[in-house]
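The active site, acyl-ester intermediate annotation in TrEMBL covers S304. TrEMBL lists 68-216 with the feature domain 'Penicillin-binding protein dimerisation'. Marked as domain 'Penicillin-binding protein transpeptidase' by TrEMBL: 257-553. Per TrEMBL, transmembrane segment is recorded for 25-44.
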Amino acid sequence: MKADVREAVTSRRPPPMQPLGSGRYVFILVLVVLALGLLMGRIVDLHVIDRSFLQGQGDARTLRVEPISAHRGMITDRHGEPLAISTPVVSLWANPQELPPDNIQRLMLTRALGLDLDDFNARVERFSEREFMYLRRQMTPRAAQQVLDLDLPGVYSQNEYKRYYPAGEVTAQLLGVTNVDDQGQEGLELAYHSYLAGTPGQRRVLKDRKGRLVRDLHLLREAKPGGDLVLAIDQRLQYMAYRELKAAVAEHDADGGTLVMMDARTGEVLAMANQPSYNPNDRTGLDPRGLRNQAIVDVFEPGSVMKPLSMSAALESGEFEPDTVVDTSPGWMRLDNRFTIRDFRNYGDLTLAGILEKSSNIGMTRIALELGATTVVDKYQELGLGQALGTGFPGEASGSLPAPVYWSDSQRATLAYGYGLSVSALQLASAYTTIANGGRRLPPSLLKLSESPEGIPAIAPEVANDLLRMLEQVVQPGTGARRAMVPGYRVAGKTGTVRKTSSEGYQEDAYRSVFAGIAPVSDPRIVTVVMIDHPRGDEYYGGAVAAPVFSRVAGSALRLLDVPPDQHESALTAP
Ligand code: 59J
């Protein structure tokens with residue numbers, strides 16, 4: 001069997017090769033040499049003789065991967081009104097190596113770009129070793145096309161988006177800004193940058209020497225547009241609040257001011273205005289003070305607007321009722337043998353409601369000294385003071401509460417009437433919102449909410465309601481806060497006049513005027529805090545400077561929000 005197989009294999013061996021006849025050999029050799037010769041000739045032809053033609057062909061069509069700018073999401077108010085939008089723009093750039101050396105052509109180019117020829121030539125000189133320099137960024141597509149139509153060598157374009165803020169200075173500090181590369185730099189533009197920015201796409205393209213598109217070959221990755229951000233802000237309220245704040249700061253020749261309006265039911269921030277401000281669409285020569293969203297990032301010593309908050313601790317203690325009488329005479333008091341507390345004048349016997357109405361420092365002191373050493377500071381903490389609010393706003397201030405090893409009487413007293421702590425306007429508004437909605441603390445929200453949050457109980461409901469009524473008594477004809485009244489609506493609130501500090505301590509003639517208020521009392525809808533920094537005119541009391549701003553802003557807001565007027569005697573009395 002094995003022998004058979006071997007036999008079969010050997011029998012299939014090919015016949016031995018025949019020697020090549022010499023005629024056929026020479027013929028094939030000649031063919032091969034000829035073919036090689038032709039190829040060499042073609043190589044010489046392509047590399048030496050036709051070189052420039054080939055290079056031209058190669059340059060003329062280049063395969064490139066181009067980025068596709070992603071559209072940055074819009075920022076709108078709660079009703080979809082645009083507050084920050086991205087519009088298509090064209091940036092022109094040049095390859096300095098390819099620019100025409102000829103001054104006539106350069107003059108045409110600089111004229112179309114709106115540049116000075118000498119400056120331009122100097123810049124081209126500086127970039128002469130490089131292959132990229134911007135000619136002009138973020139031009140309108142039409143203006144850029146006029147430059148491209150000159151058809152000059154070395155001039156290229158790229159499509160981008162530019163941010164525009166329709167409300168300008170009215171929303172400047174809240175929105176913040178992006179830089180020329182569309183990166184969020186400040187405010188909400190910074191806080192929500194990655195959400196707004198989206199992801200740039202990529203496409204493979206065939207371009208000619210001038211960078212002009214010959215053919216769109218294929219999409220490698222689609223640009224993913226950024227998401228839209230819907231703010232809690234109501235643009236109508238925002239404009240109105242900004243206008244009133246600006247007018248008041250100008251009228252009183254103040255250093256600045258801030259205003260926060262919150263929805264009393266949801267904690268949403270309906271308006272947030274600051275002075276000074278700036279135009280985010282044209283930042284040339286801006287005052288850096290205008291960049292600060294004071295309402296969130298700056299803190300101040302609040303003074304008497306804290307009295308209702310410390311009073312909530314007194315009412316909850318069970319030791320005091322709204323009509324409990326406290327003797328405030330003789331209108332001054334010495335504590336710790338070194339510190340004198342004063343009232344504006346001697347008010348004698350005052351109820352708790354009366355203490356708020358007259359803003360008696362002595363009354364608050366008497367109450368605070370009856371309470372546990374940390375009762376008031378604990379309440380402040382429960383109301384969200386001395387801690388971050390979690391708005392996500394860059395640089396959000398926490399403010400500070402004192403935490404001494406030992407509480408002296410003067411420290412307990414001054415804390416209860418608003419000194420020795422610092423708060424932001426937003427924290428203050430949030431604390432008043434707790435009074436407005438029956439004692440639940442709502443986290444302030446800069447974004448529109450789809451549903452009202454639960455909130456955290458921070459004041460007993462009956463105490464919150466008592467306080468609301470007491471604060472209504474503060475804003476009545478004949479009180480220091482009467483100018484906060486709003487015709488047609490019942491309002492509640494508290495003034496404050498706070499001496500500003502310098503490195504030498506409390507100043508004699510520099511104040512902050514503050515008002516914190518709630519409206520309407522029948523069913524609270526808005527909470528507003530107004531702070532005017534250093535009014536320089538004759539008037540500087542909170543009741544004279546900040547309260548009228550509250551009156552105008554709250555009145556307009558209630559009408560814009562279609563809140564039905566109160567059927568109440570006091571509401572019908574004009575201030
Ligand atoms: C005040 C303070 C400073 C800090 C005093 C305002 C204190 C205090 C030490 C003198 C002006 C002034 C810790 S008064 O806000 O009491 O709003 O209509 O700045 O008291 O002890 O020339 N408010 N303001 N106090 N300090 N330290 C009153 C009151 C308030 C008014 C007016 C005028 C102060 C009736 C303030 C208002 O309720």
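Placement of Cβ uses the backbone N, Cα and C atoms for every residue, glycine included.
Because TrEMBL annotations are produced automatically, they should be read as predictions rather than curated entries.
Here the structure is a predicted model, which means the values were calculated and not measured.
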Next item on the list: Tally the residues of the domain 'Penicillin-binding protein dimerisation' (68-216) by DSSP class, grouping H, G and I as helix, E and B as strand, and everything else as coil.
Entry: 46 helix, 47 strand, 56 coil
Next item on the list: Please give the average pLDDT for the domain 'Penicillin-binding protein transpeptidase' (257-553) in this predicted model.
Entry: 97
Note to self: Give the nonlocal contacts of the transmembrane segment (25-44) in its own chain as ranges (CB under 8 Å, at least six residues past its ends).
What the structure shows: none
